[in-house]
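Beneath this line is the structure, given in structure tokens, with notes to follow.
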Amino acid sequence: MESPPHPLLLLLTLLVAAGAASAGADDLVAELQSLRSRSPSGVIHLTDTSITRFLSAPAPRPYSVLVFFDAASLHSKTDLHLPQLRREFALLSASFLAHNPASADLFFADIEFSESQHSFAQFGVNSLPHVRLVRPEHTRLAGSEQMDQSHFSRLADSMAEFVESRTGLEVGPIVRPPLVSRNQMILLVILFLVSIPFLIKRIMDGETLFHDRRVWMAGALFIYFFSVSGGMYGIIRHTPMFITDRSDPNKLVFFYQGSGMQLGAEGFAVGFLYTLVGLMIAMVTHLLVRVESLQIQRFTMLAVMIIGWWAVKKVILLDNWKTGYSIHTFWPSSWR
């Protein structure tokens, strides 16, 4: 009968195994940091092989990984906003790295469907956009935590809230690149200083755009059209001009039935009808009254009423089709 292993030998074996595991984890962290340093935004591009190496390592791992799932073939689908979300994800990574340059607790990565279909299947991803947080204790990729769609609403800022609430790490303010670079700003200032004498002369002579009433008229029309077409709503909500029909990918949808969403095309269509009526009223009150021919005035007024009735009818029908609400006519009681 063999004697049991000596306790000292068993302890030594366990220490060697723990040291090897620690060294392996340190090697993974060092490799991730090296890959991160090669990326301008700090986002590490992973494939099936690297996902197995970094995310299937024995738990608990000393790091978490936030993974963005991408598909280049779907970038043309404007309703998914994949290119924009990918840029915001890169901003999130760069901002975290700017505020935590030496952090090895969280890494940002992306994978592409055509290169890593096996990993998509392991995560159980079947729709995009999709972001997963793989924490140190996760032993299965499918068991990682999915970012809710609501965290895409404010782009990088809402993604940062998800990261901070799930990891306890502070991302810090999102660092966005300036619209104008330093050299461009210097050039603009120089051009402005050089043009000051010429601007003063044109202002004194009354030859600027601000002295042209046609410019003010065009600006007023643009503001009116922009307001009635829901342009500000489209900018705030990032609504697309149109979407692809789910039942027929080759068909485009310009009018969305339902009050929960408005496409840019339908807003512009309604804005055009409103602007058309406004222009006709302006023409009648400012131009038609100067026409001396009574027949031309009557014919023009009849045409304006017909076109105005058609435009208002189209707006009412579209509103009824979209929201389900109907507009009823109420006559004065004395007319009944």
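Cβ coordinates are placed from backbone N, Cα and C, and glycine is handled just like the others.
On a predicted model such as this, the values are computed, not experimentally measured, just so you know.
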Message = I'd like to know whether Phe152 shares a side of the membrane with Val289 - going by the topological domains in Swiss-Prot.
response = no
Note = Per DSSP, the topological domain 'Lumenal' (320-336) contains 7 helix, 0 strand, 10 coil
Ask   = What is the pLDDT of the topological domain 'Lumenal' (320-336) when averaged and given as a whole number?
value = 75
Task = List the helix, strand and coil residue totals of the topological domain 'Cytoplasmic' (205-215) as derived from DSSP.
result = 7 helix, 0 strand, 4 coil
